[in-house]
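S.K.: Would you mind keeping the following structure in view while I ask a few things?
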Amino acid sequence: MSLQAARNQSAPSPAGAPADSSKALYGGKSTRRISVHDIAAATGRGEKWPMLTAYDAMTASVFDEAGIPVMLVGDSMGNCHLGYETTVPVTMDEIAILSAAVVRGTRRALIVADLPFGAYQEGPVQALRNATRLIKESGVGAVKLEGGERSHEQIKLLVDAGIPVMAHIGLTPQSVNAMGYRVQGRGEEAAQQMLRDAKAVQDAGAFAVVLELVPAELAAEVTRTLHIPTVGIGAGPDTDAQVLVYTDMVGLTGGKVPRFTKQYANLRQVLGDAAKEFAEEVVGGAFPAAEHTFH
Ligand code: KIV
C-alpha cells in the first residue's frame, strides 16, 4: 500500500491520536533519536505532529523534554536570535554553531538545519558541500532548503548522497527582497505552480515539505496530492504537521507577530518582570541575602 493510501485509510481516534499511541512521534514511548523513517511511518498512520524552531541548547532541551519530535534550526534565527532584520544575512558559520548547540541539547528530536541564503543557490555541488558540513560538523539529522522546481537538482544530489532533505515552498523568506511577505499560491496559475513545486521536491526525494503562507484549501490539495508529509505554517489545519517559530509561540518576539502564529505563553513579560525585580532588589539592597552569601 502506498503511503498516500495508508494516510487516507488510517482512522485516527476522535482525539487525533493514532491507534497504537506508543509509537506516536509526539507522546510515544521511544526515547531513541527520531529518524526520517519514523516521520514517514507517522504520516502513514495518519498522525499529525508538531515542529518548533530552536536556536540554543537550553531551549532545545526544554522542547525535547516536552516531547517535540522535530526541531528546526531555522534561518529565522536571523530575526529571532541574532538581531538581523531578515533571514538573508544569516551565514553558514552561524547555522553550524547553533545547530551543534541544539543537537547537544537534545536526545530524541530529529534536528533539521536550514541551509541559509547563498549556501545552495550556486548549484548542487555547493549545496552538497554545505549540507555535508551541517551533517558532519553539527550532527544534524537533516537539512532544509527553500524552493520547489528551482531546487530540484540540489535536493536530488543531497538525497543521492544520503542526506535527508526537508523542502520549503510557498513563502520563502530568503527571497523576501523579490517576493515580499504575502500569501502565496492565490489564483489558478500560482496554485498550479505550487502543485508543480510540491511534486518536484517530492520527486527529487525530499522527506517532507514546509508550506508557508499558503491558502488552506491549496495546502490541503498539496497534502492530498503528495505522499510525503506537509508541514504547515500559515497554511491552515489540513497539513500533516505544523511548525511555529518558537519565539512567537512563547511570546518572546517584540512588536507585531504574523496572524498565523499563536502565543501560548508570555515570556517577554515573565523575563521583563524578573529583570525588574532583580534590579529593584539590587538597588534596594535585598539581593544578595544571607543565603546567597559566603563567609
Ligand atoms: O527558518 C524558519 O524558522 C523556517 C520556518 C518558518 C519553517 O523556515
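Here the Cβ of each residue, glycine as well, is placed from N, Cα and C on the backbone.
As annotated in TrEMBL:
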ACT_SITE  Glu212  active site, proton acceptor
BINDING   Asp75, Asp114, Glu146  Mg(2+) binding site
BINDING   Asp75, Ser76, Asp114, Lys144  3-methyl-2-oxobutanoate binding site
COMPBIAS  10-22  compositional bias 'Low complexity'
REGION    1-23  region 'Disordered'
S.K.: Around the Mg(2+) site recorded as Asp75, Asp114, Glu146, what other same-chain residues have a C-beta within 8 angstroms of the site's C-beta center?
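M.R.: Everything else in range on the chain: Gly74, Ser76, Thr87, Val90, Leu115, Pro116, Phe117, Lys144, Leu145, His168, Pro173, Gln174.
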S.K.: Out of the binding-site residues I have (Asp75, Ser76, Glu146), which ones have their Cβ sitting under 6 Å from ligand 1?
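M.R.: Among the binding-site residues listed, those whose Cβ sits under 6 Å from ligand 1 are Asp75, Ser76.
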S.K.: Check each residue in the chain of Asp114 (Mg(2+) binding site) that is at least six apart in sequence and keep those whose C-beta is under 8 Å from its C-beta; list them in sequence order.
M.R.: Leu72, Val73, Gly74, Asp75, Val90, Ile95, Val143, Lys144, Leu145
S.K.: Out of Asp75, Glu146, which has the highest number of nearby Cβ atoms, where nearby means within 10 Å of its Cβ, if these are the binding-site residues?
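M.R.: Within the set of binding-site residues, the most crowded position is Asp75.
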S.K.: Who sits close to Glu212 (active site, proton acceptor): which same-chain residues at least 6 apart have their Cβ under 8 Å from its Cβ?
M.R.: His168, Ile169, Gly170, Leu171, Thr172, Pro173, Gln184, Ile233, Gly234, Ala235
S.K.: Going by a 10 angstroms cut-off between Cβ atoms, which of the binding-site residues Ser76, Lys144 has the sparsest surroundings?
M.R.: Ser76
S.K.: What does the structure give for the C-alpha distance between Ser76 (3-methyl-2-oxobutanoate binding site) and Glu146 (Mg(2+) binding site)? Integer Å is fine.
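M.R.: So the Cα of Glu146 (Mg(2+) binding site) lies 13 Å away from that of Ser76 (3-methyl-2-oxobutanoate binding site).
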